Amino acid sequence: MDRMEELGFRSETDRQIFREAAAPVELSPFGLHSGMFVPTLERQGTPEQSRKWVPLGKSFKMIGTYAQTELGHGTFIRGLETTATFDPETQEFILDSPTLSSIKYWPGNVAKTVNHCLVMAQLYTQGKCHGTHLFLVQVRNMEDHTIMPGLEIGDIGPKLGFDGVDNGFMRFNKYRIPRMNMLMRYAKVLENGDYIKPKNAKLTYGAMVMIRVFIVMDAFKTLSRAAVIAVRYSAVRRQSELRPGGEEAQVMDYQTQQYKLFPLLATSYAFLLAAEGMSQIYAKISSDIERGNLEDMPQLHALACGLKAFCTWVACEGIEVCRMSCGGHGYSHASGIPKIYANIVGACTYEGENTVMMLQTARYLSKCYIRGQRGESLPELIQYLTTDLNVKSTLGEDCSFESLVAAYSHRAARMVAVACKLQQTNKKKGMAGHDAWNKSTVPFIAATKAHCHLFIVRNFVTILSQKKIDPATHNVLSQLCTLYAVYGIVENMGEFMQDGYFNQDQVSILNRKVLALLEDIRPNAVALVDAFDYPDHLLQSCLGRYDGQVYEALYEYSKSSPLNNTDIHSSYYNYIRPMMQKRSESKNISAKL
Ligand SMILES: CCCCCCCCCC/C=C\CCCCCCC/C=C/C(=O)SCCNC(=O)CCNC(=O)[C@H](O)C(C)(C)COP(=O)(O)OP(=O)(O)OC[C@H]1O[C@@H](n2cnc3c(N)ncnc32)[C@H](O)[C@@H]1OP(=O)(O)O
Ligand SMILES: Cc1cc2nc3c(=O)[nH]c(=O)nc-3n(C[C@H](O)[C@H](O)[C@H](O)COP(=O)(O)OP(=O)(O)OC[C@H]3O[C@@H](n4cnc5c(N)ncnc54)[C@H](O)[C@@H]3O)c2cc1C
């Protein structure tokens, strides 16, 4: 913190980049404080509350986290059981964990780090429940960091990854906080206990939308780091004879290795641009919301949910492909890839479990489809839903951007229509609305993935057509954009072909194009990963080192293994030698018998 002040880092982006450089492979125990706790105080507190608490948060006099999930509920926020009951006599809220399942469970840094939490709890006043709201709760003594009386707090134990974060549990026993500790920007409880409801109950969910937007960038960061490691290693690693009797080939010269890695390289660039596009949309709509204009809130929610789920799913699958493309060394922590995977794969779950998030977007698409069928105007990003599905592709040998975007629009429009028609058919069969919905959710998930895929392809194409880029760079980026789009079609051909949108010749063109693009990109592959400019310190990888001295690094890494501190390990004296001695004694006995 002090170092950031010394260096003059003012913007949150610069501070986040510094934090990541300072702690490259472990998530910071203050990450939730900076990324969720302080921004939520700023966005969900009244101006007075923000003026009081935000400076304390930014100066780390108050260290906090976001405590919403419970043992029994994470996804279903309306089902949370922690209560906050207003006591007009004392002007306090009484926080309580009434059941075992209501114990707060998972909140990051609750176990040992923070002294405050933003707690999501069911608000009760004048005997009535008004749903979930956020409360600022001091959980540890500011003098000696001991747990406040009335609270039970602890660590939840080892996890798959996220080791830098002390995820904890927290139980409230009639724990009192001042009335003014309820974040009251949108909803209020007056001194007499009267409840003033917000313009939209989902404004309380704003912190999650913000983090989902951040996570899209995380998907880019983690996938691109794994791609850097795998591509650089593939340039250094020589294995087997490509030409009989010739020297061993760089594994990057095998077409299969290129087919594994180059589409992931293209995806990394596509996700970077998508994350930037998502952030711009978030900045615009969230500022509208803060000014009271909630019109585009549903569109923001739907896009943030969909992209968070789509990008983290694809990134995690891609990171695994990068690991496996490095052979045995990829499985070692020396590669740096297992840690990348372990830290990001949780993002498919936290901040909204991906399936649930996709279904939120699907719900929005379903409503938009109906509006489109009625001829109502649709937001620009959704207008493709009214695409004429009788039109066939005009794709030619050049695989133009226009024909590729048209293909993705057609695929998504067709799949949304199929899911919506199933939902409508279910209703006509007499199913209740919720059953008609549930019995169409599998096609809706597929349609929503197609919707997100379209957003990313269209965004990539739009940026290439709008930004002023030097011709050489534009040419290489166009190759990456075309590879991302053509590979996505080839890998999902059934969804593009189901209604005969492409003819057989066009399918052949696409299959030829994806292989030709691998050859086009091969000469620039290392330069394209170097362009991310990740320092070795950040990658923490013997395989992805900029200098390519992989074997020297692996040898030094291995020698530093703690197991090598002694030649003979204690297990020899404690277990192996006694076992061998026992065996030899029994052998002597059997020999005598
Ligand atoms: C740990 C340190 C790491 C480093 C951090 C550094 C920070 C620096 C910057 C950040 C950098 C990177 C980011 C990484 C951060 C890592 C953080 C990891 C910590 C994780 C934290 C958490 O997990 S917090 C808990 C998250 N929990 C959830 O997300 C729960 C998911 N569930 C929900 O959101 C809701 O239950 C759900 C939306 C599913 C349903 O809500 P419900 O109230 O039931 O509403 P519905 O009935 O479904 O719908 C009713 C209508 O409301 C609309 N709606 C719902 N939600 C919203 C919303 N958010 N906004 C707008 N509208 C919404 C919905 O669409 C319906 O509308 P309709 O018109 O009626 O259809
Ligand atoms: C690394 C990590 C860090 C975390 N940090 C925090 C934190 O700091 N603060 C915090 O409050 N929480 C945190 N969490 C908790 C996290 O937010 C929840 O785990 C997440 O929201 C998922 O909810 P759940 O665990 O209830 O999953 P569940 O919803 O129980 O998921 C189980 C299965 O049910 C399915 N499912 C659930 N609802 C539906 C539905 N309506 N339709 C179809 N399928 C459904 C899901 O798709 C999933 O397959 C963290 C979790 C992890 C893994």
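Cβ coordinates are placed from backbone N, Cα and C, and glycine is handled just like the others.
Unlike curated records, TrEMBL annotations are generated automatically.
Computed from a predicted structure; not experimentally measured.
Annotated features, as they stand in TrEMBL:
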type     : residues      : note
ACT_SITE : Glu351        : active site, proton acceptor
BINDING  : Thr69, Gly108 : FAD binding site
DOMAIN   : 21-63         : domain 'Acyl-coenzyme A oxidase N-terminal'
DOMAIN   : 205-365       : domain 'Acyl-CoA oxidase C-alpha1'
DOMAIN   : 401-581       : domain 'Acyl-CoA oxidase C-terminal'
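Annotated features, which come from TrEMBL, shown on the structure.
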residue	record	Cβ contacts under 8 Å, 6 or more apart
Thr69	FAD binding site	Lys104, Tyr105, Trp106, Pro107
Gly108	FAD binding site	Gly31, Leu32, Thr65, Tyr66, Phe162, Val165, Asp166, Asn167
Glu351	active site, proton acceptor	Met208, Ile211, Arg212, Ile215, Lys308
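Here the domain 'Acyl-coenzyme A oxidase N-terminal' (21-63) has long-range neighbours at 1, 3, 12, 15, 107-109, 113-116, 118, 134, 136, 162-166, 180, 183-186, 203-204, 206-207, 210-211, 214, 286, 290, 336, 339-340, 343, 535, 537-540, meaning same-chain residues at least 6 beyond its ends whose C-beta is under 8 angstroms from one of its own. In the three-state DSSP reading, Gly108 (FAD binding site) counts as coil. Residues in the domain 'Acyl-coenzyme A oxidase N-terminal' (21-63) partition by DSSP class (helix H, G, I; strand E, B; coil) as 28 helix, 0 strand, 15 coil. DSSP assigns Thr69 (FAD binding site) to coil, not to a helix or a strand. Summarised as a single figure, the pLDDT of the domain 'Acyl-CoA oxidase C-alpha1' (205-365) averages 97.
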